[in-house]
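Data first, discussion second: the structure below is written as structure tokens.
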Amino acid sequence: MAQENAAFSPGPEEPPRRRGRQRYVEKDGRCNVQQGNVRETYRYLTDLFTTLVDLQWRLSLLFFVLAYALTWLFFGAIWWLIAYGRGDLEHLEDTAWTPCVNNLNGFVAAFLFSIETETTIGYGHRVITDQCPEGIVLLLLQAILGSMVNAFMVGCMFVKISQPNKRAATLVFSSHAVVSLRDGRLCLMFRVGDLRSSHIVEASIRAKLIRSRQTLEGEFIPLHQTDLSVGFDTGDDRLFLVSPLVISHEIDAASPFWEASRRALERDDFEIVVILEGMVEATGMTCQARSSYLVDEVLWGHRFTSVLTLEDGFYEVDYASFHETFEVPTPSCSARELAEAAARLDAHLYWSIPSRLDEKVEEEGAGEGAGGGAGDDKEQNGCLPPPENESKV
């Protein structure tokens, strides 16, 4: 008895350990991973469009300006070389001379003519003549290449401006995850919401457990990823995200938290990454929002405060209470221990009901006397006697 009491008595509380875990995914969804010692840098040039889109804004604007300026300078230099090679610059005052480009008297004029040609401005002062076949070929080449540069750079700017990651800024996750009972079972829960009136179409949610582990062979796997079921089998992972929803992961035998009690969970070292995906209703582009929860951000024995109220003709969401939680009675044992206790209780009730029925039958039989015939009709196996009409037949 002394040992049992010592096992159930609370021991001295240990001071909370300060955790210095580095996040794998930041709260705002940024992945905290940097690529180092990449030697095959030429692979970035094979997908130049994506490389330019992924650049920072100041670098993208720099490339945008340089692409046009260098193109204008390049073709302007060629126009000047043509004029210089044909001798047009030496016959500026000769009215009988037919130049390649009228009124082209220097490099600045050639540069301005290049801009007018590529942007199709056409002021009318500098005009190519039909006596310059090399100029005609260059004009066609610059028109084609200029259109390609316009399509490429304008496409990069358009994709960069309309990137759906800005839409993800209005998809919010609760600052904490909670663990509490739902229908008698321990569940890990977090809340998601959409601040915009235009909804996310075909929204789906996923959750990953990031935790290092060691295999039976001794191999150490850093940042091992394990799926946390949030309703894939039942379809609960597909969301109709009109109002904030509480996403639940049931801690069952397939869950990595099956044997984790409250104290074991607080001592563990892991990160839960949650991923919300869907299509933006306004643009049809796929959007992904991410967040994460460290051990210190998982509250055991808490539940989320309701944010949805019924008003006159509509439902109102109070986002001021979106991150709020409150404490609820929750066992500190693991989900496995809770399931075993529930199984023992069910087994006790299952065997106690027939025993009570047997006692009731014995009492009724003893009350009628040992010689009564009615007592012979009653079975002593825990079942009730047959109805009266059947006993009379």
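Cβ atoms here come from the backbone N, Cα and C positions, even for glycine.
Automatic prediction, not curation, is the source of TrEMBL annotations.
Annotated compositional bias 'Pro residues' per TrEMBL: 384-393, in sequence order.
Per TrEMBL, the feature domain 'Potassium channel inwardly rectifying transmembrane' maps to 25-164.
Look at TrEMBL and you will find 171-341 tagged as domain 'Inward rectifier potassium channel C-terminal'.
The feature region 'Disordered' is assigned by TrEMBL to 1-23 (among others).
Annotation source TrEMBL lists region 'Disordered' at 360-393 (among others).
Residues or ranges marked as transmembrane segment by TrEMBL: 61-82 (among others). Note on the transmembrane segment (61-82): residues 52, 55, 100-101, 104, 106-107, 110-115, 117-118, 132, 134-135, 138, 142, 145-146, 149, 152-153, 156-157 of its chain, located 6 or more positions outside it, place their CB under 8 angstroms from a CB of the stretch.
Sequence-distant contacts of the transmembrane segment (136-159), counting only residues of its own chain at least 6 positions beyond either end whose CB sits under 8 Å from a CB of the stretch, comprise 49, 52-53, 60, 63-64, 67-68, 71, 75, 78-79, 82, 114, 117-119, 128, 130. Annotation source TrEMBL lists transmembrane segment at 136-159 (among others).
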Next on the checklist: From the DSSP assignment alone, can you count helix, strand and coil residues within the domain 'Potassium channel inwardly rectifying transmembrane' (25-164)?
Outcome noted: 88 helix, 4 strand, 48 coil
